[in-house]
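Copied from TrEMBL, the annotated features are:
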{"type": "ACT_SITE", "residues": "Asp140", "note": "active site"}
{"type": "ACT_SITE", "residues": "Asp376", "note": "active site"}
{"type": "BINDING", "residues": "Lys110, Glu111, Asp140", "note": "UDP-alpha-D-glucose binding site"}
{"type": "TRANSMEM", "residues": "24-43", "note": "transmembrane segment"}
{"type": "TRANSMEM", "residues": "49-72", "note": "transmembrane segment"}
{"type": "TRANSMEM", "residues": "445-468", "note": "transmembrane segment"}
{"type": "TRANSMEM", "residues": "488-507", "note": "transmembrane segment"}
{"type": "TRANSMEM", "residues": "577-598", "note": "transmembrane segment"}
{"type": "TRANSMEM", "residues": "618-637", "note": "transmembrane segment"}
{"type": "TRANSMEM", "residues": "649-667", "note": "transmembrane segment"}
Amino acid sequence: MEKSFPLHECHVNKVTIIINRTHAILHSIAILFLIHYRLSFFFQHPQNITIPTLPWLLIFVSELILSFAWFLQQACRWRPVYRNVFPERLPVDDKLPAIDVFICTADPKKEPSVEVMNTMISAMALDYPPEKLHVYISDDAGSDATLRCTKEAWNFAKYWVPFRRKYGLLTACPDVYFSSSEDDNGDYKGSEFKAERKKMEEKYEVLKQGLRKIVEGHFTTNVAINNTRDHPTIIEVINKEEDKVKMPQLIYVSREKKPSHNHNFKAGALNVLVHWYGFDGVGGPIISGSNFYIKREALLGSFNKQQDYMALKRLFGPSNDFIKTLVEDYKPRFIKDGESSRMSLENANILASCSYENQTVWGSKVGFLYFSVAEDYFTGLNLHRKGWKSVYLNPERQQFLGTSTTNLNDSLIQWTRWTSGPVTVALSRFCPLTYGSLKMSLVQVLCYSELAFMPLLNCLSLWGFAIIPQLCLFNGIPLYPKVSDPNFNIFSVILVSSILKSLYEVVTTGEQLKVWRNEWRIWMMRSVTCYTYGCFDVILNKLGMKEATFLPTNKVTDDEQVKLYEMGVFDFRTATVFLAPLVTVILINIAAFVGAVVKALVVDDDGDQYWEKMFGQMFLSFFILISNFAVIEGMIIRRDKAKIPLSSTLWSVVFSMFILLIGSVILC
Ligand SMILES: O=c1ccn([C@@H]2O[C@H](COP(=O)(O)OP(=O)(O)O[C@H]3O[C@H](CO)[C@@H](O)[C@H](O)[C@H]3O)[C@@H](O)[C@H]2O)c(=O)[nH]1
């Protein structure tokens, strides 16, 4: 038998393990001291108690919640590893499995066609045997423009794919290739290459203009009004019989949508592709959602010819062709013109219809799961629960590049969804803490739990830290030990330990100090905005008062916004509903801090005593204010269009006064 060598090797990072575990132990000890200090308050003689119990209890609960969040975070730091990969050990082309690449798009306005088509062209140009590569465009908008763009891009790909193959270019994406300053010309520098490159660049410019025209025309005609939630199935195989260049197969799929049927967002779109490619007869292919590959068996399970067909139909739906792909070892085949192709397309239409999954286990037990809008998280959890093994590949040359949000509005919308998705899971019977199985290690269960609970824990605890000590400071009530009290060291150690650990992580991953500063402030901002709204979404959804939503992230780049982003300046043009909590918290902290400084310097007779007593709270407010100085700047100093609008500031003034008033009455 042929001896096969592993494609990758895993190594444990010993130094990081020692640092992480030592830090975890020391930090845990400091937390235990904190718990002891807070608890001892409740065992004092009633006569010695000078501080109201409610704020003490609330800040203690906030500290416990944040400590629990910290504990969960240690799971993914417990055993850091790195991998060496050996691509040279890949089998010869004949032995490679067939793969399907799924590219989803749902809104031609928010997801610019030029970028979607570049993704499609890059997938077509993958360094993989073309007969084993199938590329699917899933268009959830059912947009005629996307279909036309796909055809235009296909015509360009017919030149780009052989060009890349011939010159061995490292870059698969034409947009990156033509806009990058990196020299990626393979070994070719001669005049033939230069002439071909120039021609290709011209063709690419023509393609870009063509795609833009299609999309603009689409939005200025009645076609633009087509309803993205109500359209029939549209499936088209883009390859033509007469195509001379050997190309991967490209298929456009827009599943049927009806307002009466829940379409289950991206997970629903992916499952249609899973029905479809299965139908296409690909044996053991790998699916790509967002930059990951997965084996078909992992998503659907393994079956053999002895299996009861009727039982399988009850699970997977009535399509005989699909069931055959489950039980037989299908070889990948291309759909060709003629009778078989017509039959295939007819069946494919049924597979992409709204009703195909009725009474089946699609989305509940097999395929991408529908329970949460973070379908990737929930599907991964269920797969690992069944014993799925996955590995992380982090090659030196980045293989997939995506777009990231560059302004506060898009980022907050995206994070609200990324909160509601996992929190839905955390607050359900699928809560990873109890739902994990023996096939998962305890550390893995904790990692999944961290992702599920992180938004909820951070939002609860950070609201506590952002207003309780400040309300008490405002009213002269100390919540932390005096500076001269040895117990003060507990809080100092916890803060310094957290700051140094995060600094260490940022520096050792090769990032700059500004990344570290950003992480702190973004963490605080998210906690009081999108984590909070995402958690509310889940609660309203559980009460049946709100449906789950999936607002696709805006991928349109605006030069002005990108400029601000690159300068590290916040673009505060977002809804007041997002800004108000953030600005309110800052105003409360300003009021508490300034009030305390004035009191210490001017009013209080015993200034030194006051500083001593209140230093902890004053420092906390000061820390929140300097970490979020960008908000103060946006509110008071900046004059540009992207500053915080006056209306949002005024609303926040009202809210902060209300909280100061009501909070002082209740707490103090
Ligand atoms: O009804 C829908 C909604 C979205 N999408 C597609 O899903 C993808 C992800 O949506 P996007 O708005 O880009 O979300 P992100 O927050 O950037 O995506 C991350 O988070 C999502 C879960 O919230 C996962 O689905 C994605 O894989 C993951 O990259 C995009 O290609 C969309 O076109 C659909 O196909 N149908």
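Numbering starts at 1 and runs along the chain as displayed.
Each Cβ is built from the backbone N, Cα and C atoms, and glycine gets one as well.
Unlike curated entries, TrEMBL annotations are predicted automatically.
Shown on the structure are the features that TrEMBL records.
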residue	record	Cβ within 10 Å
Lys110	UDP-alpha-D-glucose binding site	15
Glu111	UDP-alpha-D-glucose binding site	21
Asp140	active site	26
Asp376	active site	17
Of the listed stretches 24-43, 49-72, 488-507, 577-598, 618-637, the one with the highest count of C-beta pairs below 8 angstroms to the transmembrane segment (649-667) is 577-598
By CA-CA distance, flag whichever of Lys110, Glu111, Asp140 among the recorded positions is nearest to Asp376 (active site). Asp140
Return only the integer: C-alpha distance in Å from Glu111 (UDP-alpha-D-glucose binding site) to Asp140 (active site). 12
Near the transmembrane segment (577-598), which residues from the same chain, at least 6 beyond its ends, have a CB less than 8 A from one of its CBs? 408-409, 412, 466-467, 469-471, 473-474, 525, 528-530, 532-533, 610, 614, 617-618, 621-622, 624-625, 628, 631-632, 635, 644-645, 648-649, 651-653, 655-656, 659-660
In whole Å, how far is Asp140 (active site) from Lys110 (UDP-alpha-D-glucose binding site) when you measure between their Cα atoms? 13
Looking at 445-468, 488-507, 618-637, which one has the highest count of Cβ pairs under 8 angstroms to the transmembrane segment (24-43)? 488-507
Most Cβ pairs under 8 Å to the transmembrane segment (618-637), of 49-72, 445-468, 488-507, goes to 445-468
Reduced DSSP assignment, Glu111 (UDP-alpha-D-glucose binding site): coil
Just the recorded positions from Lys110, Asp140, Asp376 whose C-beta lies under 6 Å from any atom of ligand 1, please, or none if there are none. Asp140, Asp376
Using the centroid of the Cβ atoms of Lys110, Glu111, Asp140 as reference, list every other same-chain residue with Cβ within 8 Å of it (recorded UDP-alpha-D-glucose site), in sequence order. Thr105, Ala106, Asp107, Pro108, Lys109, Ala141, Pro552, Lys555
Checking distant contacts: for the transmembrane segment (49-72), what same-chain residues at least six beyond its ends satisfy Cβ-Cβ under 8 A? 27-28, 31, 34-35, 38-39, 41-42, 446, 449-450, 453-454, 457-458, 460-465, 468-469, 471-472, 477-479, 498, 666-668
